[in-house]
Amino acid sequence: MKMNLPPFIEIYRALIATPSISATEEALDQSNESLINLLAGWFSDLGFNVEVQPVPGTRHKFNLLASTGTGAGGLLLAGHTDTVPFDDGRWTRDPFTLTEHDNKLYGLGTADMKGFFAFILDALRDVDVTTLKKPLYILATADEETSMAGARYFSENTAIRPDCAIIGEPTSLQPIRAHKGHISTAVRVLGQSGHSSDPARGVNAIELMHDAIGRIMTLRDDLKERYHYEAFTVPYPTLNLGSLHGGDASNRICACCELHMDIRPLPGMTLSDLDGLLNEALAPVSERWPGRLTVSELHPPIPGYECPPDHQLVQVVEKLLGEKTGRGELLHRSAVYFRPCAQRWCLARVPSTRPTSRMSTWKPALSSPPAS
C-alpha cells in the first residue's frame, strides 16, 4: 500500500501547490480542506487511522489527526497547514510552484511549515508502523497564523495524552527545547473631547497616555534588571510598544488613545505575576483618573516553556542530531495548546531556515535521496 506514496519532492510540490492561506481579512482567507484531504490520503496509504475534524467558528477550516498504535503515551508530531498571505511585490517566483534555485526550494510554506509534513511522510515511507510499541500521532491544524483556532479546538477536545510532542516549526537547524512566552495587551485611555481653544473643558487622552507610557517604560527597565536567563540570546523579558492610535484632528482634544504592546516572558515567569506588575505600574494613572484607563488582552497570553535538559526526549534528540538543544526567542504558539495533552514538548530540528519572509528552505540536492 505504501507504493502509492509519491516521491518526496512530488509530495513537497503538491503541498506547496495547494493554497491554504489564513488571514483575518475574509477576502484573503482560504479553506485548508484540499490540503487536509491530500494529507489524509497519504497517511491512510501509510496505514494510519485518519480523523478529519471541522474547526468550529472558522471559515471552513479543518484539523487532521493521523494515528497508529494503541495504549497510553506515545509521540505527537504536530504542525499547521496554513500559511500567511503573500506580497506579490516581494516574490520573483510563483509562490504556489515549488522552485529550485541554488540548492534551495522556494514557495509559500516551504519552511513554515508545509515542508515538515513532506519530511514526516518520507521518513515513514519505509517504517512498518505495526511494529511500533507506543502510539504515533500526526496532527495538522488550521489557522495557526491567525487565531490558533485549530490547535485550541484540538487541545480542548482531544482524549489523547502522548508522552511528548515535537513541533516542526523552522528553527534554523537547531533543536529547541525552551521558548519565551507572549503577552499582547491593549492599554486604552478615554478622555473627553472638546475644542483645542478651551483645553479646560476636555480631558486629553494623549496626555494621559503619555503618563501611562512613561510608567510602562519604567516597568520595561525593571523587567530587564530583575529577570535573567543567560541561555537566551536576549537574556531578559522584553517589552515592546508596538502601535499607538489616538485623536482625529489637530484642533480637537483627543477623546480616546490606545496602545498595543507585547511582553515576552521568560520560562518560569507566571502570567499572573506579570499582570500584577503591569497593573501596579499603571495604578497611579488609574487612581488619578478613575474609570479612564483599561487594560485588556489582544489574544490569550502564552507563558514561557522549557523542557528540562535531562528529560529523555531531549537526550534522544541530542543524540540523534549530534547537537545540543537550544532556546528560542520567539514562541511557536502551538506549544501552549499542545502542552495539556503532552507531558513534554520539544521543537524538532527541521532542515529549513527562514531568512526572508517565509520564502525558502534548504534541502538536500534533488539528485540525492532526501535526508531522513
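Using N, Cα and C of the backbone, Cβ positions are placed for all residues, glycine too.
Copied over from TrEMBL:
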type	residues	note
BINDING	HIS80, ASP112, GLU169	Zn(2+) 1 binding site
ACT_SITE	ASP82	active site
BINDING	ASP112, GLU145	Zn(2+) 2 binding site
ACT_SITE	GLU144	active site
DOMAIN	178-287	domain 'Peptidase M20 dimerisation'
Measuring Cα to Cα, tell me the gap between HIS80 (Zn(2+) 1 binding site) and GLU144 (active site) in whole angstrom.
-> 6
Quick one: pull the CA-CA distance for GLU145 (Zn(2+) 2 binding site) versus ASP112 (Zn(2+) 1 binding site), whole Å only.
-> 10
When DSSP states are grouped into helix, strand and coil, how many residues of the domain 'Peptidase M20 dimerisation' (178-287) land in each?
-> 42 helix, 35 strand, 33 coil
What kind of secondary structure is GLU144 (active site) part of, going by DSSP in three states?
-> coil
Can you name the recorded positions among ASP112, GLU144, GLU169 whose CA is within 10 A of the CA of ASP82 (active site)?
-> ASP112, GLU144
Would you pick out, from the recorded positions GLU144, GLU145, the residue whose Cβ has the largest number of other Cβ atoms within 10 Å?
-> GLU144
